[in-house]
Amino acid sequence: MEHYEVLEQIGKGSFGSALLVRHKHEKKLYVLKKIRLARQTGRTRRSAHQEMELISKIRNPFIVEYKDSWVEKGCYVCIVIGYCKGGDMAEAIKKANGVEFSEEKLCKWLVQLLMALEYLHASHILHRDVKCSNIFLTKDQDIRLGDFGLAKILTSDDLASSVVGTPSYMCPELLADIPYGSKSDIWSLGCCMYEMTALKPAFKAFDMQGLINRINRSIVAPLPAQYSTAFRSLVKSMLRKNPELRPSASDLLRQPLLQPYVQKVLLKLSFREHDTLPSESERRSSYPQQRKRTSGKSVSFGPSRFGVDQEDSVSSVKPVHTYLHRHRPVDLSANDTSRVVVRRPAVSSVVSNSSKYVPVRSNQPKSGGLLKPAVVTRRASLPISQKPAKGTKDSLYHPNIGILHQLNSPDVSVNSPRIDRIKFPLASYEEMPFIPVVRKKKGSSRGSYSPPPEPPLDCSITKDKFTLEPERETKSDLSDQNATAGASSRASSGASRRQRFDPSSYRQRAEALEGLLEFSARLLIDERYDELNVLLKPFGPGKVSPRETAIWLSKSFKESSPSNLEED
């Protein structure tokens, strides 16, 4: 700390603060992030140390620059990173004041963000908190992706499953209790690009239940018509509900629309490094070969496309410009009707990539029979088949991660609220959340994945912002699901739907406020300050959410989940 001069505080969060500092010898500005360790749980302290270790190993031109880190008197984890004079993307959207960004600028930003995510996913790292406030801009309006407090390092047999992140940027598979991989970051990036294009959030609702319903149905308004059809289709492809159909960062970088911007970025990087790009032979020797993708062949996403000789440590990952031009463009049209088969490995088998899904596309079925999809892997708490799908090959995913292999990856943020500790009702039984149903086919001992039918967009109508119209059920819907689970879900969701909050009723306001105080007191006694911060945040000055909504939401928490305050 003696090498830095503190200038001012530029940010403050639940777990620490951000200070603008100047290096005494370099005379250069940096940001000092101080994460408080005192009065924190063991998981939070481990997460702070993990963020310090992780960001010190990451080197990418579009990720915040790492300068230094240390532990101060055992009370703070201090991380020094590069200062971005342009602020964050959320501020840039507000300053735009309704004037849309040009398509050229958006494509440039998208390419830089995709290069950053490609680098992370190739190193088996999930960011898990990609949002506009974590995307920073330099004075030259270049992108720097930051805030790795929720990042997770995937091992060979691991997928992320904890509900962490910012709710409006969460992907459907995360909300549907399905293990997720790198495609969750692509969804979050799609939400960011939508917000940067339309200057408004992709998913917004008055309460958490409404937000979950919108995400589960992937309901978004059309993008402004001033942008090209190719660009709008690109953004829409990142918001596909099914992660199997969502493109990876590599797929998006190979799109013809983005190729000119990729070339510009590579040219700029080559001048910045005062060196020319390596020859094709040098590039092939410096980075593992990728498998060619052809129609009817196996398609895998993320790091599984690298050869088995790849070393998986972050320090071994080469610059992104060495492997972006090896494949033909991938069609991202929503009209792709190719058959998709999901390989399901055994529980103890090696997962082939950081993403959960490895689809196999085939234009022509095999002679003698039709292809049947295997069961989608769910969490360990849900029933799964122990038998691997027939024909599943050994994975190319390498288990060791070099230096990062020694790091644990607790599912807790050091600078974001613990969403997985807040118990809110998920989509009800009638609303058909994005949960696959396992059915048994006659004459076959293997389960198959049959996605539920897409519900109509107008099946739920909001009477006002406090009361939702229950949806009608059909007998065919009930026949496809477990009757016991459906009855319990309908009972809980129906009870909450029948409640109506009248802001003019002093009695109801008093009861709701009493419930809010009781709930806050219980959180305070249990020292769960992150959830308490989320609960009381709408009462601060200048907040958009009305107080009645916050009071009613806290009352719903109390009534719908009275025993949800136990520690994980």
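Including glycine, each Cβ sits where the backbone N, Cα and C put it.
The domain 'Protein kinase' annotation in Swiss-Prot covers 4-258.
The annotation ATP binding site is assigned in Swiss-Prot to Ile10, Gly11, Lys12, Gly13, Ser14, Phe15, Gly16, Ser17, Ala18, Lys33 on the grounds of sequence analysis. Taking the Cβ of Gly16 (ATP binding site) as centre and 10 Å as the limit, one finds 21 other Cβ atoms among all the protein chains shown.
If you look up Swiss-Prot, you'll see Asp129 marked as active site, proton acceptor.
As annotated by Swiss-Prot, region 'Disordered' applies to 277-312 (among others).
If you look up Swiss-Prot, you'll see 440-505 (among others) marked as region 'Disordered'.
Per Swiss-Prot, compositional bias 'Basic and acidic residues' is recorded for 461-478.
Residues or ranges marked as compositional bias 'Low complexity' by Swiss-Prot: 483-496.
Listed binding-site residues: Ile10, Ala18. The one with the lowest count of other Cβ atoms within 10 Å of its Cβ is Ile10.
Residue environment of Ser14 (ATP binding site) contains 17 other Cβ atoms, counted within 10 Å of its Cβ in all protein chains. Here the Cα atom of Ser14 (ATP binding site) is found 16 Å from that of Asp129 (active site, proton acceptor). Neighbour count (other Cβ atoms within 10 Å of the Cβ, all protein chains): 11 for Lys12 (ATP binding site). Secondary structure from DSSP puts Ala18 (ATP binding site) in a beta strand.
Other C-beta atoms found within 10 angstroms of the C-beta of Asp129 (active site, proton acceptor) number 22, with every protein chain shown included. Ile10 (ATP binding site) sits 20 Å from Asp129 (active site, proton acceptor), taking the Cα positions as reference.
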